[in-house]
């Protein structure tokens, strides 16, 4: 059995988010399939769609057919999808639709392993030559309903990084999804406003909002039960800490930090001194705190460089989440250039949510600096991270005259960070002095963030171009309409003009007539003139 | 925003059944001395005409009809084939043409209602195959339903083909008569081709809106014996 990652999937996904992604089984022979492109196999099978010979046969229309059929099947993969079911929802020649349907079925993209098939294969055979594909196609493209934009953005801001990247990939371009629940949710307006038109991803926000209502919402749906259940659990775990008894006031946090300093890792004592919290709460809160892990290291190894300062800073970080990098770097006596950069970094982190809402989780207060470094470096390609780390290390060497050997470890660890995760790094870094570690990591993060920002900027530029094109098109449309309007006006004017001419003529003849009659009746001439003059 | 249309679609198509197999739908309804014979089937127009008489004799013998039926059946088939052949060799239509096909028929106890689009330029289309899948997907067991659906499709396609031959001829004549004047004859009947630009243009999606699904959803009903009897009596009244 072969498990491959979807090419679209974010390399920075954490292990935890894997359970969220849907897996679909397709035959290994259909590995060519990708949501966002049309493969040669498809081009070969449907030549008429790619020679631009017809308006009802274009690649776009083929792709719409294909995506719809596959999505329709995946709404309920255990059930066999029939052609007659599909064709009622698609506009087009039924003969061709059947051809496309058969094509997809033959390749196992639909109805693969569904019961009732006349191609029922043996279980073993299926097991040995299947591959699992994540059902995470090309992002959110369905945003047709106007109010769907807001709810889609909300969950991502609130969630932690791995989940958010999962969420952005979660939505296939399902026209059917949005349509199916459109009516249903409108009825429940006010209650369930978060899972507006798209319930396929609704479960995230549902749990945030009020999960009871949205559980109903899922129950009424006839697909995705399993998925919604998973998400439900996930969201709850992340939300419970903020919702229930485990809300930490600032005073409690300070108390916690002090008692940890005093008692070290004797959690019984720590919990006693805090009183309002259990032992477990204390541990989890400390881990959640920024630099919680580093404090562990200090208390364990007594490598106390500037312990009290650091802890005060930590307490501050709890209040000011996005500026924590700054605080730390100042306390570590950074050279001014780096601090400046850090400020920029903090700004970019702050700005980023309004941009694309993808880096938003980075500014989450609950993650430590190391976590943030990991996150930032994971949103870009590994080689970019490596380059950034390299640059950071050499810069540090230049200004500090530090032996380069120290950082040879670090470079390894940077790679380890890309591969394995944070634990590896921490263990391998234990020999290097803390400030250097922090600065190298910060610089790495900066580099990675810069690379990421570049990508985002590019995307933004593309989007703007697209919008401008749309605007221009609309303007042209408007102009055309105006021209047409003017043409109409001109026509009207001409008609009126002709009418006027006619009227003139008739008045003239009338006048001549009147004149003639006055002549005949023998009225004097001067009276006539006076008539004309008056 | 018109996509260029290549040579294939611009060339007028010579008249034929717009399906993979050039089979003509034949409908028989003959009544002699109180005995009524109704039937519907397809015929290959390139078969030799002697087959018609053979077929008629065979049918009469199998159904144990009076011998007077033989000539009637043969004549009816023959005249319908002649009508078909009279259109052969003429231009049918140029360009793309997609028409809606509507089914509304009753076969024994099964009532079928459906509508879908059919591309007249797609000569791979196969009404019989379509009907077979329809019956399979809808779980129809009556073996007579499939052929009846296929026949209904063929009949409509045949009618549309004839209409387009007539309208193609008319438009040619009108072009000769009134030079430059743009005059498109409105084809009679409900089978007007759909607006391709509207349906398939770059601005529209080929996925139907949710509320339209029901309109295009096939409906299959199984009638009880009483309902069938009532319907048949009604049809009988209408016939007389």
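Just so it is clear, glycine is given a Cβ too, placed from its N, Cα and C backbone atoms.
Just so you know, TrEMBL annotations never went through curation; they're auto-generated.
These figures come from a predicted structure and were not determined experimentally.
Annotation source TrEMBL lists domain 'SWIRM' at A:24-121. According to DSSP, the domain 'SWIRM' (A:24-121) comprises 47 helix, 6 strand, 45 coil.
The average pLDDT for the domain 'SANT' (A:243-294) in the predicted structure is 74. What TrEMBL records for A:243-294 is domain 'SANT'.
Per TrEMBL, the feature compositional bias 'Polar residues' maps to A:317-326 (among others).
If you look up TrEMBL, you'll see A:317-365 marked as region 'Disordered'.
Here TrEMBL flags A:337-347 (among others) as compositional bias 'Polar residues'.
Secondary structure counts, DSSP: the domain 'SANT' (A:243-294) has 36 helix, 0 strand, 16 coil.
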